[in-house]
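Asker: Dumping the structure here so I can ask a few things about it.
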Amino acid sequence: MTEYIQVGPEDRAEPRSHVIKLHGPEGFEGMRRAGRLAAEILDALVPQVVPGVTTGEIDSIVQRMTLEAGGVPATLGYRGYTKSCCTSINHVVCHGIPGDKVLKGGDIVNIDVTPILDGWHGDTSRMFLVGDVPLKAKKLVDVTFECLMLGLEQARPGNRLGDVAHTIQSHAEKHRYGVVRDFCGHGLGRLFHDSPEVIHAGRPGTGPELKPGMFFTVEPMINIGRADVKLLEDGWTAVTRDRSLSAQFEHSIGITETGCEIFTKSPKGLDKPPY
Ligand code: MF3
Ligand code: CO
Ligand code: CO
């Protein structure tokens with residue numbers, strides 16, 4: 001059913017749902033550099049994400065750092081999106097649009113960046129805690145990070161995407177949290193969003209088998225309440241229907257012979273708060 005094709009570094013073929021690209025050493029090298037830049041941008045934001053700053057100011061920093069490094073923000077002009085990152089606060093699940101909104105103490109915010117460097121996409125997001133955050137919110141953030149990392153432990157040849165999904169779902173539901181179904185991780189490389197679709201809830205032993213050379217993101221969105229989301233009128237911002245808090249972490253990875261390489265790990269060890 002699933003087909004795999006070995007691709008060279010120049011391959012930009014549009015996604016086909018049953019075809020998964022397997023990348024070579026140049027791809028790994030390109031993704032390492034793009035992923036590192038993405039992680040460095042999030043590292044640099046740590047001292048900036050404080051009460052009183054606007055999400056638009058954060059966006060400007062992301063744009064400036066990306067361009068200074070010789071990259072381009074993948075989201076700029078992507079399907080009509082006009083910003084360099086997404087800033088998703090509290091009950092916003094994903095794709096919050098930066099603007100005049102001021103961060104206040106007690107907020108939790110996801111910042112999602114995707115620089116394109118030499119044609120390769122490094123896609124990563126982390127949660128940031130603004131000032132003093134209630135324990136309940138901090139626990140959601142901790143468990144969401146655990147969901148991502150436990151899922152990545154399952155990302156190795158021979159396992160299937162359903163194994164990654166099931167591990168994430170089990171951990172979230174153990175804490176009575178809801179796993180968002182409306183948005184998924186995705187293949188990436190020369191393209192921002194490629195095959196396969198990477199679900200975050202599913203059954204073990206199902207879905208495409210993981211093979212060395214696959215590049216994709218894992219980016220679980222976990223809600224304190226129910227899993228249901230709705231889209232706001234701007235056509236981008238997704239929020240929890242019950243207005244419960246939502247958290248997300250995202251890494252871009254490549255499947256190796258023995259497991260996975262995380263392209264977007266923080267060089268400074270700032271992968272999860274407190275930073
Ligand atoms: N970075 C997001 C992802 O993880 C996609 C954002 S697309 C945007 O796939 F247009 F909303 F920015
Ligand atoms: Co992504
Ligand atoms: Co992203």
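A Cβ is built for glycine as well, from the same backbone N, Cα and C atoms used for every other residue.
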Asker: With HIS186, GLU219, GLU250 listed by TrEMBL as divalent metal cation 2-binding, which of these, ASP123, ASP132, ASP142, ASP163, is given for the same site?
Answerer: ASP123
Asker: ASP123, GLU250 bind divalent metal cation 1 according to TrEMBL; which of ASP112, ASP242 goes with them?
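Answerer: Among the candidates, TrEMBL records only ASP112 at this divalent metal cation 1 site.
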Asker: Measure from the CA atom of HIS186 (divalent metal cation 2 binding site) to the CA atom of HIS95 (substrate binding site) and give the result in Å, rounded to a whole number.
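Answerer: Given the Cα positions, HIS95 (substrate binding site) is 15 Å from HIS186 (divalent metal cation 2 binding site).
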Asker: Applying the rule Cβ within 8 Å of the centroid of the Cβ atoms of ASP112, ASP123, GLU250, what extra residues of the same chain belong around the divalent metal cation 1 site?
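Answerer: Same chain, not in ASP112, ASP123, GLU250, Cβ within 8 Å: ALA38, VAL113, THR114, THR124, SER125, THR217, GLU219, SER252, THR264.
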Asker: What subset of the binding-site residues ASP112, HIS186, GLU219, GLU250 lies within 10 angstroms of HIS193 (substrate binding site) at the C-alpha level?
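Answerer: Qualifying among ASP112, HIS186, GLU219, GLU250: HIS186.
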Asker: Can you check which residue among the binding-site residues GLU219, GLU250 has the largest number of Cβ atoms within 10 Å of its own?
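Answerer: Selected residue: GLU219.
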